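Asks: There's a structure below that I have some questions on.
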């Protein structure tokens with residue numbers, strides 16, 4: 001396919017984007033809004049953003065969800081702007097500097113919350129800055145401007161959602177159904193590899209791929225939940241299926257590790273069962289039936305605990321999978337599974353990274369302020385707005401430098417494109433609403449094609465072009481103003497890029513170490529006799545951290561194996577029959593406190609000291625288990641955990 005070719009699957013969304021832009025433009029001028037540009041710009045960004053992220057037409061619900069986040073972020077930003085202006089109207093410079101800090105604060109929060117919700121916080125940061133900069137000459141008009149901006153943005157979002165509904169958005173349900181079947185087959189094949197105890201690299205690739213697919217399935221669940229309220233039952237089942245899929249991965253990998261020291265635990269009967277190849281979910285179903293009969297015949301005690309747990313989890317997976325596909329009423333058996341264990345949310349390991357993002361956004365906005373005041377450039381405020389927009393949106397993504405480059409390319413492309421519209425097209429079509437709408441529809445259609453291809457600069461070009469062409473009421477054509485706006489966008493993106501290059505993010509290694517220590521803390525916290533604590537389901541949170549580790553350090557197998565070993569230790573100790581007595585309970589609390597000190601230590605020396613203390617306490621704990629005659633199901637996992645911590649002590653303590 002050529003670089004400028006148009007694929008059939010891209011046409012529907014391109015028409016959808018064009019329709020959203022035209023609707024926003026028509027309503028904006030029909031109701032005599034002062035700046036219909038905001039409504040058009042909002043409709044374009046809300047519709048095109050999910051398509052750029054997805055690399056194609058977004059699934060149903062994605063545009064609505066992004067629109068709701070934009071409304072929330074706009075209202076938070078407007079309220080913050082009003083508070084700042086009312087408090088500091090007599091000190092304009094201080095007011096702008098406080099807005100710069102507010103933008104940095106919102107970026108800091110957006111770096112810590114879920115990536116899906118971070119958009120609202122990033123938006124609220126630069127919305128406040130836009131309002132404060134715009135009303136510098138007429139501060140008494142702040143409430144009116146804030147109200148107009150909110151109204152125009154709500155209109156733009158409404159147009160994007162209406163266009164999405166008119167052109168029958170894609171449902172993700174069929175993709176979810178197919179992935180559930182494919183995932184179960186892949187889980188079975190992973191267990192086959194682990195039973196064979198073959199090449200470790202092949203096993204690593206298999207479980208790593210399953211972790212990524214399970215994370216992707218969780219993302220699909222979020223999309224399905226946004227799509228319609230009729231998928232509430234499917235959403236509940238998919239939440240439980242996420243835990244079951246992670247449980248299957250854990251049990252398979254533990255089976256592999258057990259065979260490193262005790263291969264005799266896996267009997268010939270189960271080895272023969274897992275030699276049968278499977279290709280479909282029906283094949284897996286038949287094999288699970290055979291395994292359940294074998295387990296009943298041999299007895300639970302004669303079955304390795306990992307295989308017994310794996311078969312049980314796979315059976316529950318099949319039951320819930322059928323419920324998701326049919327979306328029928330939840331049965332009593334399913335309800336028992338769904339009411340299982342409360343899922344625990346883990347604390348973010350990227351606090352240092354979030355602080356770097358705070359300083360990047362704050363410093364770039366302050367730099368823009370100084371540049372504006374020093375030069376006295378009439379479009380310095382436009383450059384400041386672009387700085388805030390670029391840094392707020394770029395910081396929450398894995399590669400902020402590429403986001404900046406995308407914006408730079410986009411603003412450069414917007415200059416000739418905007419020039420064409422400003423000098424030729426809009427002056428010749430402003431007397432006819434139909435021609436004006438058609439001209440912008442053509443712009444939206446062709447950029448909509450490129451956005452779905454993730455063409456570098458396409459998203460920035462769409463937003464920047466709409467921002468600089470004259471879509472105000474009434475229209476005024478001042479070439480110097482147009483040129484200032486276009487150059488202001490380019491300069492703002494350049495300054496933001498310079499700040500991102502200068503303020504280096506060196507938090508990667510620290511984040512990796514914090515993640516690994518959180519795995520250690522989770523394994524240690526599983527050593528408890530508290531019934532409520534033992535029922536807590538930390539597995540989704542632990543695998544979420546593992547997924548983050550895999551993204552931060554692609555290809556670093558030793559780190560992945562260490563993290564997975566800690567997850568296995570956590571699951572095994574969580575189910576271990578630890579003797580219930582006050583002596584052990586007190587020592588469990590001491591172990592948890594020491595593990596928390598390891599995570600929160602501010603220097604390598606403190607971290608090494610606390611880690612050494614943790615190792616000493618684990619040695620004492622093993623002695624206590626021997627005194628209290630704990631069974632091998634407890635002593636062996638604790639011994640393995642202690643050995644792993646001794647082996648990887650340097651990796652867990654050094655920066």
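Start at 1 and count along the chain as shown; that gives each residue its number.
Cβ from N, Cα, C; glycine included.
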Asks: Taking 459-479, 522-542, 543-563, 564-584 as the choices, which stretch does Swiss-Prot tie to transmembrane segment?
Replies: 459-479
Asks: Could you pull out which residues elsewhere in the chain have a CB under 8 Å from any CB of the transmembrane segment (121-141), counting only those six or more residues past its ends?
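Replies: Residues 69-70, 72-74, 76-78, 80-81, 84-85, 89, 92, 95-96, 99-100, 102-107, 109-110, 113, 149, 361, 365, 381, 384-385, 388-389, 392-393, 395-396.
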Asks: Going through 13-33, 69-89, 407-427, 431-451 one by one, which has the most CB pairs that fall under 8 Å from the transmembrane segment (459-479)?
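Replies: Looking only at 13-33, 69-89, 407-427, 431-451, the most contacts with the transmembrane segment (459-479) come from 407-427.
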Asks: Mind checking which residues reach the transmembrane segment (13-33)? Cβ under 8 Å, same chain, six or more beyond either end.
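Replies: Cβ under 8 Å, 6 or more out: 6, 39-40, 42-44, 46-48, 51, 56-58, 148, 151-152, 155-156, 159-160, 162-164, 166-167, 433, 436-437, 440-449, 451-452, 466, 471, 473.
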Asks: Sequence gap of 6 or more, Cβ distance under 8 Å, 3 or more pairs: do the transmembrane segment (152-172) and the transmembrane segment (69-89) meet that?
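Replies: Output yes: the transmembrane segment (152-172) sits against the transmembrane segment (69-89).
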Asks: Do any residues, 6 or more residues outside the transmembrane segment (93-113), come within under 8 Å Cβ-to-Cβ of it, and if so which ones?
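Replies: Hits for the transmembrane segment (93-113): 80-81, 84-85, 119-122, 124-126, 128-129, 132-133, 348, 350-351, 353-355, 357-362, 365-366, 369, 373, 388, 391-392, 395-396.
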Asks: So which residues does the transmembrane segment (482-502) touch in its own chain, when a touch means Cβ under 8 Å and the partner is 6 or more beyond its ends?
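Replies: Long-range Cβ neighbours of the transmembrane segment (482-502): 360, 363-364, 367-368, 371, 377-387, 389-391, 394, 400-401, 404-405, 407-408, 411-412, 414-415, 418-419, 422, 460, 464, 467-470.
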Asks: Thinking of Cβ pairs under 8 Å, which stretch from 69-89, 370-390, 431-451 has the most of them with the transmembrane segment (38-58)?
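Replies: Of the candidates 69-89, 370-390, 431-451, 431-451 scores highest.
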